[in-house]
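This is the structure I want to talk about, given as structure tokens.
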Amino acid sequence: MRSCPSLLDDVGVDLEGGWAQNGKVRLSQTELKPRNQQSQIGILCPVCDAQVDLPIGGVKALTLDHLAMNDVMLENLHGEGQGLVCDLCNDREVEKRCQTCKSNLCQFCCQAHRRQKKTSYHTMVDLKDLKGCSRVGKPILCPIHPAEELRLFCEFCDRPVCRDCVVGEHREHPYDFTSNVIHKHGDSVRELLRGTQPRVEALEEALAQIKRVNNALQKRVEAVAADVRKFSEGYIKAIEEHRNKMLKQLEDIRVQKENSLQLQKAQLEQLLADMRTGVEFTEHLLTSGSDLEILITKGVVVERLRKLNKVEYNTHPGVNDHISFSPQEKAGQCRGYEVYGAINTKEVDPAKCVLQGEDLHRAREKQTASFTVLCKDATGESMGRGGDNVHVAVLPKDKKDSPVRTMVQDNKDGTYCVSYTPKEPGLYTVWVCIKKQHVQGSPFTVTVRRKRRPHLGVFHCCTFCSSGGQKNARCACGGTMPGGYLGCGHGHKGHPGRPHWSCCGKLTEKSECTYIGGQSTSLLRTVAL
């Protein structure tokens, strides 16, 4: 902690009590106590922000920063002496400096200094001649003996003293001139400095690395932000372009449907006008014409009415208002970006929908059965998208109040996978409805059989081989061998070495056994070697 006159002047200090308060110096306690009860007070250095315990002597006991005082003096000298006042009168501006007693004097005090006998021989120099000097500070005087200069150093107390101190308070302490001990103490400080400098360099390097990383971070953030903006702007343009395409498509659909409706309207209006004309003419003829007039005109009227009655027309609008927007539907790429959203005008027609799958009419108990619903529009074209409300109900014919739980999976391509698991065998009725209408082929009946029966025999090519040559081993295929063998052999008609099940005779290895008993039990003992 260095102190200088400028710092002490800025601090409001009770020099006797040893406490201070203002914006620059912060104390560690806020209440004043008597000296004998007051705890240690700490102040913060305004330069390094380190906390320093205030000595018992108060602010006056703080170590003065004479180097700082010298720097302040030099700065004032370089500023043409502005701010320096005479050390004796403390009133007039400094003009001279006594090189012997190191005092700054005004013109009046300088003359008085020369007239005094003790100081008449002192050397006086102009203040402007000191601007090239590195040190212009005053001699450092003893705080206890202000008339004495600190020229000695007490080794025991580790502080500078004057000659009055060594004959008084420091009488028994070892001491020496400051010029004799400066090398030892200076070297210890230099050694400590050498140990500190690498840490300073390490901290500077760490700060430099932080600065470099921070700069790299800023550049990287700017680059990524530019990529984000570029991507976003491109994506926004792609979305806007896709939006404009869909709006244009929607407008084209509107124009097409309106033109169809207007054409149908014009045709119906023309047909209606022709019919009204024919009806009015005929009614007028029948009510106002004579018998002869009716008979004469009958041929023309009948021909006209017959033609009008033969004209085919549709009482329902030729187009509908079914237009929907599917925001989740993929719409391909636009400007290299994947976009979503499509305008759909197709409407599913339950009468055109198709049911597909191997399990449409058969299933197994406690095994999942499934089939597919292929949705089509009125023209028979696949919808090509999902979103239709497909309802499926699977009802046992003898327990219609206990429907089987079904799952309908939308494949998003116009097909729907329906799956269910019947718990018991029997007949089931399956309802498949779209828009509260049965699809083509609904309702239909499903026969649920019991679980697949495993084979009881072996899958072999002949009984002779699989039984180890036993004569009484039979096979479900019914074949025999010469020599009294009851089972088949490689030369059996229909099974010339072809693998089959010994229990039921089926040729497919992964199949259901159809053995129902009644044959010799010896076939059950047929085993593979």
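Glycine is treated like the rest: Cβ placed from N, Cα and C.
Okay, so TrEMBL annotates it like this:
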- 81-127: domain 'B box-type' (DOMAIN)
- 137-173: domain 'B box-type' (DOMAIN)
- 200-274: coiled coil (COILED)
- 345-448: repeat 'Filamin' (REPEAT)
Restricting to the domain 'B box-type' (137-173), what is the model's mean pLDDT?
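Summing pLDDT over the domain 'B box-type' (137-173) and dividing by its length gives 87.
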For a three-state summary based on DSSP, what are the helix, strand and coil counts in the domain 'B box-type' (81-127)?
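Going through the domain 'B box-type' (81-127) residue by residue, I get 10 helix, 11 strand, 26 coil.
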By DSSP, what is the split of the repeat 'Filamin' (345-448) into helix, strand and coil residues?
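Per DSSP, the residues of the repeat 'Filamin' (345-448) fall into 3 helix, 51 strand, 50 coil.
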Pull the DSSP breakdown for the domain 'B box-type' (137-173) and write it out as helix, strand, coil residue counts.
4 helix, 8 strand, 25 coil
